Amino acid sequence: MNLRELVIKTLVEVEKNNSYVNLLLPKLIANLAKKEDKDFVVELTYGVLKQLKLLDYMAGKLLKKRSKLPPFVINAIRVGLYQLYFLDKVPTYAAINETVEAVKRNYRGFTGVVNGVLRNFIRRREEITKIDVSDEVEYLAIAYSHPEWMVKRWLNQYGYTKTVEILKYNNHQPNLTLRINTLKISPKAYCDLLNEKNINFKQLPYLPEGVVILDKVGVKELPGYDEGLFYIQDTGSMFIAYLINPEPNSVGIDACAAPGGKSTHLAQLMGNKGIIYAFDVHPGRLKLIEENAHRLGINIIRCLLGDATRLKLPDGVNPNWILADVPCSGTGVLARKPDARWQKSEEEIIKLSQYQLEILTNLSKLLPPEGILVYSTCSIEPEENEGVVENFLRKNPNFVLVKPPEWFFNLGIVKNNYYLRLLPGEIGDGFFGVILKKLC
């Protein structure tokens with residue numbers, strides 16, 4: 001199987017079964033011996049998924065009857081066009097010949113179609129790549145390859161300039177961001193290890209344990225993975241633990257905890273002293289939390305099976321704080337999950353906001369007076385963020401909003417005095433968080 005064939009089959013699987021490419025791809029490339037082959041497969045797969053709408057628009061100009069083509073052939077055309085349009089480093093003959101060869105091995109009768117489309121693109125490139133659309137929403141949706149409903153929402157919410165910034169950010173390859181595990185090593189000592197390995201990086205001035213890796217390296221190529229010296233976590237996600245800012249020896253609940261990024265960060269801020277009850281509804285995902293905590297040398301996390309909409313705490317547990325990092329549409333992290341933009345719907349956002357309110361309402365009952373409840377999402381949709389919180393406060397006057405620490409204001413990411421709201425590209429991925437306090 002050549003590399004293009006592997007990419008095509010991955011795309012077919014993602015499209016057919018709504019599989020998550022970030023979970024599927026590592027298994028498929030595990031047997032590839034060369035790092036450059038693995039990198040190429042990842043780049044091509046993620047690139048096609050990010051540029052899907054634009055690739056299909058161009059293919060539509062070159063095909064007469066696309067609907068009659070098998071999914072393998074459609075995805076082969078996408079793979080070929082992506083290489084020809086976006087990957088200057090791939091020679092034209094290799095992009096065409098290797099893609100056609102993959103089709104020949106699987107759908108021999110369609111080799112002529114694929115070969116013709118790709119060679120026709122070369123001849124008519126300027127015409128094919130021109131977007132002949134006058135409607136603003138449709139144009140942006142094609143040019144930046146996002147669903148039209150998503151583009152329309154963001155134009156209404158954030159205006160043209162900010163929307164284009166978000167669209168561009170979602171299509172770029174974000175850098176790897178990691179959280180240094182200060183339970184095992186100081187930020188300076190870990191940065192010394194990176195320097196020894198000649199890995200380029202930058203420290204985050206506002207998060208001393210945060211480091212952005214500027215080179216293209218795999219997670220396990222970084223120093224200290226097996227030893228638990230770091231955890232992969234985006235900047236916005238790291239901010240959430242600081243909204244709680246837990247004291248050592250406190251008792252906390254992470255109600256939707258898997259895979260454990262925020263639980264382990266909270267444990268780190270607590271100096272591995274106290275106790276965190278980490279809940280998730282899926283047993284397999286609880287195992288991920290346990291594995292991550294073990295690797296990081298954290299022993300204060302207790303993993304429990306539980307549904308956040310009807311969570312019950314163990315007898316005698318009286319939490320100082322609760323984190324509700326709720327399931328959401330994930331529209332703030334589309335740069336890292338390129339398949340997700342095609343698997344969402346606007347209707348889903350409304351359903352999710354109702355589900356999120358149900359979770360928040362249930363968790364609020366578990367908190368004693370003076371306790372802190374932090375609500376967070378990786379969505380940039382107001383219905384899932386401010387909308388849920390405002391709805392909750394209307395029904396629960398015994399809760400009030402609390403301002404985040406002053407340094408959040410200095411970063412310019414606090415809206416209306418209380419809401420931490422990051423849009424994609426402002427600092428990193430898109431995130432939302434707010435602190436609620438129970439009065440009585």
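Each Cβ is built from the backbone N, Cα and C atoms, and glycine gets one as well.
Quick look at what TrEMBL lists:
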- CYS378: active site, nucleophile (ACT_SITE)
- CYS256, ALA257, ALA258, PRO259, GLY260, GLY261, LYS262, ASP280, ASP307, ASP325: S-adenosyl-L-methionine binding site (BINDING)
- 166-439: domain 'SAM-dependent MTase RsmB/NOP-type' (DOMAIN)
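Counting every protein chain shown, 24 other Cβ atoms lie within 10 Å of the Cβ of CYS256 (S-adenosyl-L-methionine binding site).
Secondary structure from DSSP puts LYS262 (S-adenosyl-L-methionine binding site) in a helix. Restricting the average to the domain 'SAM-dependent MTase RsmB/NOP-type' (166-439) gives a pLDDT of 96.
On a Cα basis, CYS378 (active site, nucleophile) lies 14 Å away from ALA258 (S-adenosyl-L-methionine binding site). Rounded to a whole number, the C-alpha distance linking ASP307 (S-adenosyl-L-methionine binding site) with the residue listed as 'active site, nucleophile' is 20 angstrom. If you measure from the Cα atom of LYS262 (S-adenosyl-L-methionine binding site) to that of CYS378 (active site, nucleophile), you get 13 Å. Each of the binding-site residues ALA258, GLY260 was scored by the other Cβ atoms within 10 Å of its Cβ; the lowest score goes to ALA258. Using a 10 Å Cβ-Cβ cutoff, LYS262 (S-adenosyl-L-methionine binding site) registers 23 neighbours.
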